[in-house]
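Undergrad: This structure is in structure tokens; I'll ask about it shortly.
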Amino acid sequence: MKRIAILTSGGDAPGMNAATRAVVRKAIYEGLEVYGINYGFLGLVNGDIRKLELGSVGDLLHRGGTFLYSARYPEFATEEGQLKGIEQLKKHQIDGLVVIGGDGSYHGAEALTKRGFPTIGIPGTIDNDISGTDFTIGFDTALNTVLDALDKIRDTATSHERTFIIEVMGRDAGDIALWSGLAGGAEAIIVPEESFNMDDVVDRLNKGRERGKKHSIIVVAEGVMSGNEFAKQLAEYGDYHARVTVLGHVQRGGSPTAFDRVLASRLGARSVELLLENRGGLAVGIRENRIVENNIGEILKEKHTLDQKLFDLASILSI
């Protein structure tokens, strides 16, 4: 193993730059050459590859986004796309690859591994929806972004004695909604993994009113329905004329938290070690604060599950 490359793919997540920095500096420390691939798998196929030095990743640790850029390239799922990628890697004499991203990125990494090219996956997505790890890079930062907004919305909800609905990201996973809702004291948390009944939500709000509570916060994951649609349905139950805030892509940006920076650094460094050990086809992660690695194919077969105990706790504490 003399040369390795790194790319970021799919939706950006705070901490991707920190992980890239760790891969580059750990690899150079171990005597390897490192190449950065711009625009994910699209850049790989197009040969948009450049050599990275120690200084290339300076002033990156605290920056959100990804300086390697990202792009969606569904064509990489085809044999033609994968063979073009392998051709470019061989052309640049690259021996191993690190891929930072979510589920789709892992599929690309697995495809390369099956074609005999050593590839390591690093979980980088704000959704926290990757199996084999307690946390993904970017989740903690996104969570704190949502919590900051929730706290501020709580101020105005209290001042005007209103119900506010906050729509957060999470098409298939409700971790952002659950964790931010619990941390922010939301009166109701609506996630894709748990069915909900509007009658139950209204009953919870009414009980709060009976105790003298004059405002409430409801956090809705986008995968369930839009915040506006939820507000429309809620209004059918009486004078719940809720205000809606859609946080959108602000959740993806911002300087990564200390937790995400440290997590990204640990996962990035471990990825290089695995390549040096000629152990491709693995995804790194963190379990109970220990860095672990799992077969990337097995990770893709597993379905991420919501923390049921945490969901139940949020329901109890929001009474």
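Glycine is no exception: its Cβ is also placed from the backbone N, Cα and C atoms.
Relevant sequence annotations retrieved from Swiss-Prot are reproduced here:
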type	residues	note
ACT_SITE	Asp127	active site, proton acceptor
BINDING	Gly11, Arg72, Tyr73, Gly102, Asp103, Gly104, Ser105	ATP binding site
BINDING	Arg21, Ala22, Val23, Val24, Arg25, Arg154, Gly185, Ala186, Glu187, Arg211, Lys213, Lys214, His215	ADP binding site
BINDING	Asp103	Mg(2+) binding site
BINDING	Thr125, Ile126, Asp127, Arg162, Met169, Gly170, Arg171, Glu222, Arg243, His249, Val250, Gln251, Arg252	substrate binding site
Undergrad: Return the member of Gly11, Gly102, Asp127, His215 nearest to Met169 (substrate binding site) in space, with distance defined Cα to Cα and candidates limited to these recorded positions.
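TA: Going through Gly11, Gly102, Asp127, His215 one by one, the Cα closest to that of Met169 (substrate binding site) is Asp127.
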Undergrad: Report the nearest neighbour of His215 (ADP binding site) in space among the binding-site residues Arg72, Asp103, Ser105, Thr125, comparing Cα positions.
TA: Thr125
Undergrad: What Cα-Cα separation, expressed in whole Å, is found between Arg243 (substrate binding site) and Gly104 (ATP binding site)?
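TA: The Cα atom of Arg243 (substrate binding site) is 34 Å away from the Cα atom of Gly104 (ATP binding site).
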Undergrad: I need the most crowded of these binding-site residues: Arg21, Arg25, Arg171, Arg243. Count other C-beta atoms within 10 angstroms of each C-beta and give me the top one.
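TA: By the 10 Å Cβ neighbour count, Arg21 comes out on top.
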Undergrad: Between Val23, Met169, Val250, which of the binding-site residues has the fewest other CB atoms within 10 angstroms in the structure shown?
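TA: Minimum Cβ neighbour count within 10 Å, taken over the binding-site residues Val23, Met169, Val250, occurs at Val250.
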Undergrad: Sort out the sequence-distant neighbours of Tyr73 (ATP binding site) for me: same chain, 6+ apart, CB within less than 8 Å of its CB, listed by position.
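TA: Ser9, Tyr39, Gly40, Phe41, Leu42, Val45, Gly81 - these are the non-local Cβ neighbours of Tyr73 (ATP binding site), listed in sequence order.
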Undergrad: Since the record lists Lys213, His215 as binding-site residues, which of them has the fewest other Cβ atoms within 10 Å of its Cβ?
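TA: Among the binding-site residues Lys213, His215, the sparsest Cβ neighbourhood within 10 Å belongs to Lys213.
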Undergrad: Using other CB atoms within 10 angstroms as the count, which residue among the binding-site residues Arg72, Arg252 scores least?
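TA: Comparing Cβ neighbours within 10 Å for the binding-site residues Arg72, Arg252, Arg72 has the fewest.
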Undergrad: So how many other Cβ atoms are close to Gly11 (ATP binding site), meaning within 10 Å of its Cβ?
TA: 21
Undergrad: Hey, of Arg21, Val23, Arg25, Thr125, Arg252, which of those binding-site residues are within 10 Å of Asp103 (ATP binding site), Cα to Cα?
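TA: Within 10 Å Cα-Cα: Thr125.
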Undergrad: What does the structure give for the C-alpha distance between Asp127 (active site, proton acceptor) and Val250 (substrate binding site)? Integer Å is fine.
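TA: That comes out at 13 Å between the alpha carbons.
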Undergrad: Determine which residues of this chain, when Gly11, Arg72, Tyr73, Gly102, Asp103, Gly104, Ser105 are set aside, have a Cβ within 8 Å of the centroid of the ATP site's Cβ atoms, and list them as they appear in the sequence.
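TA: In sequence order, the nearby non-listed residues are Ser9, Gly10, Gly40, Gly101, Gly108.
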Undergrad: Taking only the residues the record lists as binding ADP, namely Arg21, Ala22, Val23, Val24, Arg25, Arg154, Gly185, Ala186, Glu187, Arg211, Lys213, Lys214, His215, what is the largest Cα to Cα distance between any two of them, in Å to the nearest whole number?
TA: 57
Undergrad: From the Cα of Arg171 (substrate binding site) across to the Cα of Glu187 (ADP binding site), what is the distance in angstrom?
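TA: Pair distance, Cα basis, whole Å: 21 Å.
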Undergrad: State the three-class DSSP label for Gly104 (ATP binding site), counting H, G and I as helix, E and B as strand, and everything else as coil.
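TA: For Gly104 (ATP binding site) - judged by DSSP and reduced to three states - the answer is helix.
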